[in-house]
Amino acid sequence: MSPNPKPPTAAELRARCSRGGVAIAPSLLAADFARLEQEIRAIEKAGATLLHLDIMDGHFVPNLSFGVPVVEAIRRTTDLLLDVHLMLDNPANYVEPFRKAGADVLTVHAEVLDDPRPVLDQIRALGAAAGLSLNPPLAVERIEPFLEACDLILVMSVMPGFGGQSFQPVALEKLAWLRDHSDCHAVLEVDGGVNAQTIGPCAAAGAEWLVAGTAVFGADDYGPRLADLSQSAQASVAGAQASG
Ligand SMILES: O=C(CO)[C@@H](O)[C@H](O)COP(=O)(O)O
């Protein structure tokens, strides 16, 4: 990897990963960690275009997941876009190691940054796309001053830390607000409780990348599950566009 490649724009992220306006982002947290390489091969074969990787510090969220060496090993295993979600109190300390490990998108949390612009700029300077995330309790207006510094915005529809939680509909209002905001050109992503029932409303509200852990890795066959989720999301986008 060259030291400072140009970071991908939101349009380039869409061109690389979205199909029919959407992409399913399988969350590796729900994979079988004892069979990680086989799980990644299976998800590639199923047609995924990206992988969502949750990095937890046990402080910002009450759980631990995996760190830089595991991301580096995943990078050696796949060419899929690596969408790395930093659930960390001090993301500025970690963006460089995760970028060096192969992250393509690095997302930090608005809750831990009074002004996220320096770290978003740092991510872009490292050649990755810059993402900003907000948890369900944070008002979306809080990130309004930073919209133009973001290549991706990750709207959490659960409190982060664990897979398998129920979708919180407050995410839908935030997605629609972001979709309709003239300063927002970022890819809109939603994460938590996304499944066959909730994916349609998310896509209709503007979510383009839909993170799904349990709904993907809980399936017997990932190919049909990814296709079904993607089809539901695309149908909702088409329906929302047709109704104006
Ligand atoms: O960030 C997180 C959890 O903190 C998510 O990425 C989950 O991994 C999604 O899991 P499901 O809700 O789809 O099971």
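Yeah, the Cβs are placed from backbone N, Cα and C, and that goes for glycine too.
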Listed in TrEMBL for the substrate site shared with S27, G161, F162, G163, G164, D191, G192, G193, G213, T214, one of H85, H109: H85
Listed binding-site residues G161, G163, G193, filtered to Cα within 10 Å of H85 (divalent metal cation binding site): none
Least Cβ-crowded entry, counting other Cβ within 10 Å, from the active-site residues listed as D54, D191: D54
Entry from the binding-site residues list G161, G193 having the most other CB atoms no farther than 10 A: G193
T214 (substrate binding site): secondary structure state under DSSP, collapsed to three categories: helix
Spatially closest candidate among H52, D54, D191, the listed recorded positions, to G161 (substrate binding site) (Cα to Cα): D54
Extra residues within 8 Å (Cβ to Cβ centroid of H52, D54, H85, D191), divalent metal cation: A25, S27, L29, L53, D83, T107, L154, P160, V211
